[in-house]
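Encoded as structure tokens, the structure appears first; notes follow it.
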Amino acid sequence: MKKIRCALIGSGNIGTDLIYKIQRSPVLEPVWMVGIDPESEGLARAREMGLKTTAAGVDGLLPHVLEDNIQIAFDATSAYVHAENSRKLNELGVMMIDLTPAAIGPLCVPPVNLKEHTEKLEMNVNMISCAGQATIPIVHAISRIQSVSYGEIVASLASKSIGPGTRANLDEFTYTTSNAIEIVGGARKGKALAIINPADPPMMMRNTISCLTDEEPDEPRIIESVLAMIKEVQKYVPGYRLVNGPLFDGKRVTVFMEVAGLGDYLPKYAGNLDIMTAAATRTAEMFAEEILAGTIQLKPVEMAV
């Protein structure tokens, strides 16, 4: 079966984990890995796995895009450089899946709103953050039953799983995730907090999701909705697990989740990597299926959507 050829930009934890996810895909093929440090472990790993590599950043990839028929690129660099990366690749007709918190394209959480993005051609979609991918499905599961005035999430992440790129973007991470709790999750006001946990051995990714409903919570319907949503996420992140809840205290609904990774690049505690890379892969697959079916055609654009 024909596959859509992909480039990965950023050779850190997220970019390297992505190679494994994309290699398993029936419709995606990883061809290029782009970095800026010739000595980086990610570039070495990519070469071992048969990818072409460049340490000259996106500019090192541009001359090869057309001859290698690259149609989808994943940006796992930093919010600070994403807009420029996206512009250069969009001009060549490459669709961008943004794994930074830059959020210049529409925000995407696969089980919540992926379908509406694939129906209209977007040349740049944003995956929000690992915390967003782990928690917004639950906020949405509650808000689709009844209105939510406030949604707050706390994500606890193992320090060893957080690379320099994510650390440099923590402010953007917080802002973009808070915004997405409102736009995608459906809460009128959203707040996101990230805790980087230095414990050794590293702890699994943990997420606490709290929502305040306008009316008294309809407990049976909320429980049913949350459990159904967890099953949807588990289709692409098998380690997504309910620890406790939904718990009800007046109008407050609280859900405790844990995310174990598949252990592709980093060990299983790094569920935050997995939920991000799996969501990005799932998103790219949906677009790839449409491209292969001929229902959408990528076109060069002057500026990202």
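The backbone N, Cα and C atoms fix where each Cβ goes, glycine too.
If you look up Swiss-Prot, you'll see SER11, GLY12, ASN13, ILE14, SER161, ILE162, GLY163, PRO164, GLY165, THR166, ARG167, ALA168, ASN169, ASN272 marked as NAD(+) binding site, on the strength of sequence analysis. In sequence order, SER78, ALA79, TYR80, THR100, PRO101 are the residues of the chain that are 6 or more apart from ASN169 (NAD(+) binding site) and have a CB within less than 8 Å of its CB.
Annotated active site, acyl-thioester intermediate per Swiss-Prot: CYS130, in sequence order. CYS130 (active site, acyl-thioester intermediate): 30 other CB atoms within 10 A of its CB, across all protein chains.
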Distance from CYS130 (active site, acyl-thioester intermediate) back to SER161 (NAD(+) binding site), taken between C-alpha atoms, in Å: 11
Residues that sit under 8 angstroms from GLY163 (NAD(+) binding site) by C-beta distance, when 6+ apart in the chain: GLY12, ASN13, ILE14
